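Heads up: the structure comes next, in structure tokens.
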């Protein structure tokens, strides 16, 4: 084992792990904490472990064959299934892009104390296109460093919330390692399914299998291939462990502070804190329902304005970073399935336009609850798209004709 070699292979796994930290994930985390307390932490852990195993297979496919998943699909499948697969993956990418636009717009609205309306935040996210293209000129290694910086911001911001709220550590460990859900009903079951859909992103398999190609590996030398597989797996373990810890921060903060709280409880605290957002919570005894927007507001009411702004910075970092990985995924998928090589500028402009249009309409004509409510629908969409990525990954990595001596044999 060599730390120098591990450093050389470090990068693709952290870019891949961004999909485990996008605004859709954060929303799923906070809702599961508010709805089920600590009881669904074990679902989050199992989903992350399954995600790691699938990412390992995707990375191995890229290392062994020198082709990413979309390219292998292009070679192995007939025209009709190939086009169906491409359309399904594009749908998943657009859905993910919409979540990132929603998260960024809400973060901008919170940071500006409501002075920038939601539709204004949606329009500002168009600038992501130019940020991405600017960074891309400086090479993948510098882009990987920038992603590392954004992940650090998320760890610090959500870590601050965790330290401020001080969740019960005994309940945290019990929720992680004892698979139970006492007194759970339909809302808790829905959150459990939502966690799986938010954590395991279908287009992430295509992304990871392509990113590992950025490292030079002599595929004629089995020892080098085996070594590359080892270091990419170690890096993926570290990256997903970091993302898992950040997800735990969010779930436990809302489990500790807002589980079984009513609208009236929160409304009283917000009015006492002179929050400008008090009107969001009617004075009734219905159980509190939170989303990315309300989550920031209630943190501000209970723990001071700093908690609100730090939360918004974390959401903004999540939205910005996942925007760029979604762009990369779209590029690889389009090139692999269609042999169509567009400029990154054209590619980003197309997917961003498709994602922004419905989001902008909702932001203009509806309120923030309808905007954040779209995230729940989009998480379900991700769950429905999963088979279109999992079946090719599991199939190809088990075929000796594709993987040679590195087929998994299952």
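Cβ atoms are placed via backbone N, Cα and C, with glycine included.
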Stretch carrying transmembrane segment according to TrEMBL (options 275-296, 297-318): 297-318
Transmembrane segment per TrEMBL - which of 31-54, 55-78: 31-54
Correct range for transmembrane segment (source TrEMBL, candidates 192-211, 212-231): 192-211
Range annotated as transmembrane segment - as stated in TrEMBL, picked from 116-134, 173-191: 116-134
Close approaches to the transmembrane segment (232-255) from elsewhere in its chain (Cβ under 8 angstroms; 6 or more beyond its ends): 6, 9-14, 16-17, 20-21, 25-26, 29-34, 36-38, 40-41, 44-45, 48, 51-52, 55-56, 59-60, 63, 151, 154-155, 158-159, 161-162, 165, 167, 171-172, 175-176, 199, 208, 212, 290, 295, 299
Among the ranges 31-54, 84-110, 146-163, 297-318, the one whose Cβ pairs under 8 Å to the transmembrane segment (377-396) are most numerous: 84-110
Contact set, same chain, for the transmembrane segment (146-163): CB under 8 Å, 6 or more residues outside the stretch: 14-15, 17-18, 21, 135, 242-243, 245-246, 249-250, 252-253, 299, 303, 307, 310-311, 313-314, 317-318, 320-321, 324-325
Residues of the parent chain within Cβ reach of the transmembrane segment (297-318), under 8 Å, 6 or more residues beyond its termini: 21-23, 25-26, 100, 103-104, 106-108, 110-111, 150-151, 153-154, 157-158, 160-161, 164-165, 253, 257-258, 266, 269-270, 273, 275, 277, 280, 288, 290
